[in-house]
Amino acid sequence: MFKAELRETYKQLRHNLLIDDIENLSLEIANKLLKLPIWNASFYHIFLSITEHKEVNTDYILNILSGKDKHILVSKSDFKKGTMRHFLLTDSTLIKKNSYNIPEPVDGIEIETTKIDVVFIPLLAFDQEGNRVGYGKGFYDRFLDDCKPETIKIGLSFFEAVNRIDDCNNHDIKLDYCITPKQVYTF
Ligand SMILES: Nc1nc2c(c(=O)[nH]1)N(C=O)[C@@H](CNc1ccc(C(=O)N[C@@H](CCC(=O)O)C(=O)O)cc1)CN2
Ligand SMILES: Nc1ncnc2c1ncn2[C@@H]1O[C@H](COP(=O)(O)OP(=O)(O)OP(=O)(O)O)[C@@H](O)[C@H]1O
């Protein structure tokens, strides 16, 4: 299947979920994450969910990370450049929604992309090989490209893998894991 087609299908599937489902499924995903061998690292990047798009609610993962005293990084997106800058999330970080309804830190301590050990990635779809489909603006393609090679890339999805994404290109960086409410995929 092609990315454009998968984007439309999976946006619709997500849209059909009930608010209660989103909470329960997001909690399942957070619980599954605890089984991964990723908890010795230091810098964890996480997305702040766009609730209007019914993304996986990352609040449960944020709770795990702060319970484990990890450094948590969240981003500010530049929609003109298609790039992201990363800031430490602390008790005093002010979060404000941008015009795309993405919650973002207002300011804070900026951290270089190369410091990041683990990235949790929002997905619309993914395949059995660990390829992913996002919104198609290239934010995560560019971001993952700037990470160090050993950074662990973990997709989060309410839905299971499709067989194959047919139009992957050389910008695409594969996931190491994908977590769904039902299972952990290791690539
Ligand atoms: N929570 C979160 N943060 C993220 C992403 C994400 O997917 N989720 N991104 C991942 O790349 C980047 C932002 N990318 C985005 C790209 C497009 C739209 C957006 O609203 N696009 C359409 C509407 C989409 C729809 O129909 O559902 C629009 O332009 O109106 C939002 C975020 C960086 N931060
Ligand atoms: N490293 C990069 N540098 C510059 N442009 C890039 C890079 N990676 C991807 N792009 C561009 O960004 C767009 C992303 O398209 P693609 O179909 O790969 O989106 P996607 O798989 O949904 O990923 P994303 O979630 O990052 O948007 C393409 O136009 C591509 O040319």
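Note that Cβ sites are derived from N, Cα and C of the backbone, with glycine treated the same way.
What TrEMBL says about a protein is an automatic prediction, not a curated fact.
The annotation ATP binding site is assigned in TrEMBL to LYS3, ALA4, GLU5, LEU6, ARG7, ARG132, VAL133, GLY134, TYR135, GLY136, LYS137, GLY138, PHE139, TYR140. The DSSP secondary structure for LYS3 (ATP binding site) is helix. Within the same chain, the residues at least 6 positions away from LYS3 (ATP binding site) whose Cβ sits under 8 Å from its Cβ are VAL133, GLY136, ILE165, ASP167, listed in sequence order.
Sequence annotations record features per position, and here TrEMBL assigns substrate binding site to LEU48, GLU55. Secondary structure at LEU48 (substrate binding site), taken from DSSP and collapsed to helix, strand or coil, is coil.
The binding-site residues under consideration are ARG7, LYS137. Their Cβ neighbour counts within 10 Å are lowest for LYS137.
Largest CA to CA distance in the ATP binding set (LYS3, ALA4, GLU5, LEU6, ARG7, ARG132, VAL133, GLY134, TYR135, GLY136, LYS137, GLY138, PHE139, TYR140): 19 Å, whole number. LYS3, VAL133, TYR135, LYS137, PHE139 are the binding-site residues among LYS3, GLU55, VAL133, TYR135, LYS137, PHE139 whose C-beta comes within less than 6 Å of an atom of ligand 2, given in sequence order.
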